[in-house]
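What Swiss-Prot records for 109-324 is domain 'ATP-grasp', and it gives sequence analysis as the kind of evidence. Annotation comment: Swiss-Prot describes 140-202 as ATP binding site. As annotated by Swiss-Prot, Mg(2+) 1 binding site applies to Gln282, Glu294. Under the heading Mn(2+) 1 binding site, Swiss-Prot lists Gln282, Glu294. According to Swiss-Prot, the Mn(2+) 2 binding site annotation covers Glu294, Asn296. Look at Swiss-Prot and you will find Glu294, Asn296 tagged as Mg(2+) 2 binding site, backed by sequence analysis.
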Amino acid sequence: MKVLLIGGGAREHAIAMALKKNELVELYTLMKNKNPGIYALSEEVSFNSETDVPAIKEFAEKIKPEIAVIGPESPLGVGASDLLEEMGIPTVGPKKLPAQIETSKEFMRNLFKKYEIDGSLKYAAFNDYGTELEGFIDEMTSLGKDVVVKPAGLTGGKGVKVVGEQLKDNEEAKIYAKEVFDKSIGGGKIIIEEKLVGVEFTLHGFVDGENIVFMPAVQDHPHAYNNDEGPITGGMGSYSCPNHGLPFLSEEMLDKAEKIMEKTVNSINLEVGPYKGFLYGQFMLTADGPKIIEYNARFGDPEAMNLLPILKTDFLDVCFAIAEGKLDKINIEFENKATVCKYVVPNGYPIDPVRNKELAVDEKAIEDANAILFYASINEENGKLYITGSRSAAVVGISENIEEAEKIAQKAIENFKGEVYYRSDIGTLDLIKKRVERVKKLAK
């Protein structure tokens with residue numbers, strides 16, 4: 001069974017591992033760098049940019065896969081899924097138009113408005129900097145609301161800036177908005193949104209164009225340093241619970257979040273056609289219930305590393321069910337176990353990360369700790385590993401409870417040597433308790 005995988009990060013390493021649990025799978029991967037974890041699992045690798053559509057076509061024509069799985073968002077944005085489907089290859093990953101739920105923040109917000117989907121917030125879109133943009137921010141200030149500045153296109157999760165975090169106040173938000181236009185960050189179009197106050201969580205679904213099957217809820221930790229301090233990153237780690245909920249998330253709130261995602265899928269279908277792939281909703285649990293911050297048209301990273309290792313159902317079967325519109329024909333189950341994922345990242349990340357420095361990894365010690373190792377932005381050359389400037393590698397602990405899973409992950413992450421750092425508090429009971437207390441305060 002030939003499977004084409006596009007992507008070379010930790011998320012794709014998790015996808016590759018999950019696929020290879022089926023002994024019939026022969027994996028063929030197109031990726032930019034030599035990720036040693038994915039490389040070891042692949043029959044053949046094409047080293048090309050994941051947005052190089054001609055290279056994707058050439059590799060697919062050569063290997064003739066029976067199914068394709070697209071990991072990152074960038075190939076979706078250039079129509080890789082459209083191309084593969086046109087070639088007659090069943091593909092997991094939405095086509096270019098449905099993928100706009102991630103690639104165009106304006107499309108997403110307008111969809112919520114048009115179809116009256118719950119969980120939306122006050123926003124406005126702008127094509128240039130001027131009095132209208134300034135007036136909208138001034139209006140938010142008069143309402144006592146801080147704002148979030150979001151370049152409308154893809155920025156690899158690095159373009160969004162929030163008042164109270166990267167920005168001092170709404171006046172500084174205006175300065176950053178002007179910079180986005182001056183430098184054409186994310187395509188030179190902007191969404192200004194009200195800043196939500198609450199606790200974040202993520203919810204994933206397998207989507208086959210009509211049906212959505214939900215995965216366990218996960219909490220990511222975007223801040224660089226312990227105690228949720230420092231700049232926003234792509235995610236320093238995450239955890240999930242044995243009951244597939246989260247300690248601060250009631251069943252009622254989880255149900256509301258699921259209904260928002262269900263209506264989103266139906267609305268995408270009506271607007272631009274069927275959505276087939278993984279859908280990841282980033283939510284904020286506020287005093288008014290769950291609000292959607294943004295959607296991603298793929299697995300979250302790090303969340304994929306929490307979810308895929310505890311998937312009991314054959315992942316290849318799930319992928320075919322997604323591509324063929326048959327999710328209602330299979331039973332998808334996850335183990336009732338806790339997971340804790342911790343990332344090791346280059347010193348200086350995400351502002352000014354060191355690059356091309358050697359990273360020593362004691363794989364045996366990580367295995368002895370009963371953790372799973374996932375390689376991310378790593379390049380292997382002459383048997384040595386080098387960090388490339390983004391998140392380097394992650395470890396995942398799995399156990400009957402959060403406390404034990406965290407201990408496994410923590411023991412494992414101490415086995416990296418190089419110019420790197422990590423957060424030691426992810427999955428700890430102290431940090432989780434703070435989340436619970438914060439939600440209690442919101443309810444008052």
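Including glycine, each Cβ sits where the backbone N, Cα and C put it.
Projection of Swiss-Prot feature records onto the structure.
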residue: Met140; record: ATP binding site; contacts (Cβ under 8 Å, 6+ apart): Lys122, Asp146, Val147, Asn170, Ile192, Glu194
residue: Val148; record: ATP binding site; contacts (Cβ under 8 Å, 6+ apart): Val160, Lys161, Val162, Val163, Ile192, Glu193, Glu194, Lys195
residue: Gly164; record: ATP binding site; contacts (Cβ under 8 Å, 6+ apart): Asp146, Lys195
residue: Glu172; record: ATP binding site; contacts (Cβ under 8 Å, 6+ apart): Val163
residue: Val180; record: ATP binding site; contacts (Cβ under 8 Å, 6+ apart): Val149, Pro151, Gly159, Gly186, Gly188, Ile190
residue: Leu196; record: ATP binding site; contacts (Cβ under 8 Å, 6+ apart): Leu121, Met284, Thr286, Lys291, Ile293
residue: Gln282; record: Mg(2+) 1 binding site; contacts (Cβ under 8 Å, 6+ apart): Glu200, Thr202, Asp220, Ile292, Ile293, Glu294, Tyr295, Asn296, Gly300
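Neighbour counts were taken at the CB atom with a 10 A radius for the binding-site residues Glu294, Asn296; the maximum falls on Asn296. With a 10 A radius on its CB, Gly188 (ATP binding site) counts 15 other CB atoms from all the protein chains. Reduced to three states, the DSSP call for Met140 (ATP binding site) is helix.
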